[in-house]
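This structure is in structure tokens; I'll ask about it shortly.
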Amino acid sequence: MLRRLHSLPGLFAALLIAALALTGAFLAFDSIVDRSGSTIPATGQVSVAAIAEAVQARHAEVERIVRTASGTVIAYYFEADLPGAELVDPLTGQAIGPHEPSNLTRTVTNLHRSFLMGDAGRVAAGLGAAAMLVLCVSGAMLLAARLGGWVAILRPSRGSLSQRLHCELGRFAVIGLTLSALTGCWMSLATFGVLPDGAAAEVAALVPPSGAARLPPGQLAALQAVDLSALRELTFPYGADLTDTYTLTTAQDIAHVDAATGQVLDFTPNGLARQVHETIVMLHTGRGVWPLALLLGLAALTAPVLAGAGGVIWWRRRAALPTIRQNVGAQSADTIILVGSEGNSTWGFAVTLHAALTKAGHRVHAGPMNSLAPRYAQAKRLLILTATYGDGDAPESAKLFLQRLERASGALPVAVLGFGDRSFPKFCGFAEQVTEALRAKGWPVLFDTWQVDRKSAQTFADWGKVLGEEIGTKLELAHVAARPKTTALELSGRVEYGAESQTPTAILSFALPASGGFWRRRRLPRFEAGDLVGILAPGSDLPRFYSLASASTDGVLEICVRKQPGGLCSGFLHELPPGGRIEAFIRPNPSFRPSRGKAPVILIGAGTGIGPLAGFIRHNTRHRPMHLYWGGRHPGSDFLYGPQLHQYVEDGRLARLNTAFSRVPGGGYVQDRLAADSAGVRDLMQQGAQVLVCGGRDMAGGVARAFEAILHPLGLDLATLKSEGRYREDVY
Ligand SMILES: Cc1cc2nc3c(=O)[nH]c(=O)nc-3n(C[C@H](O)[C@H](O)[C@H](O)COP(=O)(O)O)c2cc1C
């Protein structure tokens with residue numbers, strides 16, 4: 001609901017808001033320029049009487065003097081019955097030059113207020129402001145929900161470039177945009193009389209003026225008593241009419257001043273409504289308060305970018321939504337699949353499961369977890385596939401599930417499959433919550449909840465086998481996430497290790513084929529070290545993912561591959577001859593890279609986990625302190641990147657190289673090396689170091705335990721570091 005509330009007005013009003021925001025930004029910056037060009041006398045330095053006297057001395061018939069919010073003083077007068085306007089020096093009252101309002105400013109102001117379309121345009125502008133208000137509020141709530149609550153609102157954002165851009169810019173601009181939208185709505189309603197603006201109707205003096213001969217304005221006590229900074233407008237008495245008065249408008253009131261005696265005849269204070277309205281106008285325009293104008297202007301500038309990035313996110317999400325063929329109605333299905341998803345990838349897995357079960361003769365219904373029915377008439381089992389967001393929270397399509405489960409009556413045998421990312425502190429946390437809730441409600445569980453890390457098709461296929469055995473149906477779940485467009489690459493380099501220790505491992509480099517043909521891609525797809533490359537072995541639809549040791553700017557795609565016993569893809573890669581081709585695609589992995597800044601980086605890995613870490617070091621040309629802890633078997637047979645790492649230490653890209661070899665006398669593992677170096681690691685953590693761990697699950701577990709012990713004396717823990725993005729894992 002919140003998402004729909006955020007995206008619908010966003011899409012419909014994107015253009016409207018972009019136009020309002022850009023014109024608003026122009027006006028905000030224009031007011032700053034205006035203000036910077038105005039001389040502002042100190043309070044008490046210049047009176048209204050002095051300015052009026054100086055202007056009157058130049059023009060026989062002065063109509064009025066106006067002081068704008070940015071401090072500019074303008075005099076309007078008649079010369080030989082022709083109207084004129086001049087800018088007045090606020091210190092001396094002397095003329096600076098003719099007042100010629102900028103056509104551009106006037107046009108942009110009209111565009112901002114009414115899109116140059118009169119009342120219809122004013123209504124549209126008001127609706128635009130309202131849509132922006134809905135977007136700001138729903139966006140802030142959505143962000144808080146995604147990041148794990150309001151306390152976590154400043155946590156680093158995650159996801160694709162457009163998601164991060166949308167989140168970071170939104171976080172920066174939300175206060176300014178909300179203020180603009182709220183005050184804009186108010187002003188629109190005031191324009192149409194729905195809210196009062198407190199403007200006093202022009203009234204004649206209540207007390208009759210003396211009618212005696214006029215004094216020069218410089219001698220009028222009421223004008224002498226008012227400081228120029230308080231002036232809004234001073235209207236002069238008309239021509240020869242001795243019964244006419246000065247009308248003096250200040251921030252506080254409107255007064256009539258006798259032109260002969262200089263006495264205040266009467267005054268009308270500005271009511272509360274007027275004061276509120278003026279404050280709203282000031283908050284909307286920032287006029288007279290340049291830091292506010294700057295904030296509003298900068299915030300407004302982000303709106304078109306937010307709209308663009310939001311549009312990309314919306315489009316990608318839509319494009320990723322699968323269509324489910326032969327989806328049976330919930331009440332006539334024997335198997336119910338419920339999906340908890342936010343980015344839609346879990347739906348892709350659900351479609352594969354749906355197709356396999358349907359092929360096996362089941363009547364299958366798939367729907368979002370939020371659609372859990374109180375009971376299912378014919379269902380024999382419920383299969384729940386759910387992602388996790390925020391801090392172990394429900395994804396969008398499962399937000400209502402736990403509530404609905406409370407009300408559900410017909411218990412079904414159920415299996416839960418969690419989708420998540422191991423680098424988050426609460427890995428598959430929501431799947432666990434769901435399992436607990438089902439248990440507490442007494443629903444029979446078919447088998448224990450499984451966890452799928454980073455959309456692993458392999459884990460999904462393995463889970464399918466267990467499910468198949470449980471329900472007596474052979475299930476082959478070959479899930480290929482909407483087969484991505486692949487690029488053909490040629491093997492251009494190979495360095496082999498590990499022959500002696502029976503662990504054949506190779507660093508493989510791939511380049512674009514030399515004779516690609518006219519239509520073939522001439523450039524490598526973009527990637528960075530730490531991203532993943534998916535490789536499809538011939539005859540297989542299941543990609544295998546490898547962490548990249550190079551960036552596309554290196555001109556080659558480099559990976560470290562250990563030959564797995566019976567491994568289809570690793571076997572294929574190890575046997576590939578020079579020039580042999582692979583079909584590959586890139587999957588960005590932005591959460592596993594050194595964060596920006598100068599703080600030290602501790603890189604930890606074992607075996608082929610060195611790949612992305614070596615890539616980070618190779619690109620560390622700014623010599624940020626990087627400390628590598630790496631574990632292998634034997635320095636003689638599998639010291640991957642050995643010569644390069646020594647070179648990096650020499651040229652300063654690597655601050656320290658710490659290795660641990662397990663197959664040498666007195667050797668150990670990388671976590672032992674860390675534990676032995678506790679004081680040094682603690683010191684780095686106190687300097688704000690970020691930790692990146694890459695390698696097998698057992699190694700990562702050992703490293704995590706070693707780290708908990710290292711962090712303890714600092715009053716830190718791993719969960720906190722993970723939530724701050726300071727401890728990240730790429731584990732397989
Ligand atoms: C903002 C954000 C927060 C996430 N939080 C968690 C989390 O707390 N625990 C977890 O295991 N995975 C977390 N993930 C990973 C997703 O659950 C995982 O990528 C999942 O496969 C996405 O499925 P979906 O595309 O169907 O939404 C998070 C992902 C994002 C983008």
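Just so it is clear, glycine is given a Cβ too, placed from its N, Cα and C backbone atoms.
Annotations per TrEMBL:
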TRANSMEM  123-148  transmembrane segment
TRANSMEM  169-189  transmembrane segment
TRANSMEM  292-315  transmembrane segment
DOMAIN    335-468  domain 'Flavodoxin-like'
DOMAIN    484-595  domain 'FAD-binding FR-type'
Near the transmembrane segment (292-315), which same-chain residues lie under 8 Å Cβ to Cβ, leaving out any that are not at least 6 residues past its ends?
7, 10-11, 14, 17-18, 20-22, 24-25, 28-29, 31-32, 35, 132, 160, 162-163, 165-166, 169-170, 172-177, 179-180, 282-286
Within the domain 'FAD-binding FR-type' (484-595), count helix residues (DSSP H, G, I), strand residues (E, B) and coil residues, in that order.
11 helix, 41 strand, 60 coil
If you run through the domain 'Flavodoxin-like' (335-468) with DSSP, how many residues end up as helix, strand and coil?
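Across the domain 'Flavodoxin-like' (335-468), DSSP assigns the residues as follows: 52 helix, 32 strand, 50 coil.
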Per-residue pLDDT averaged over the domain 'Flavodoxin-like' (335-468) comes to what?
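Over the domain 'Flavodoxin-like' (335-468), the predicted model scores a mean pLDDT of 92.
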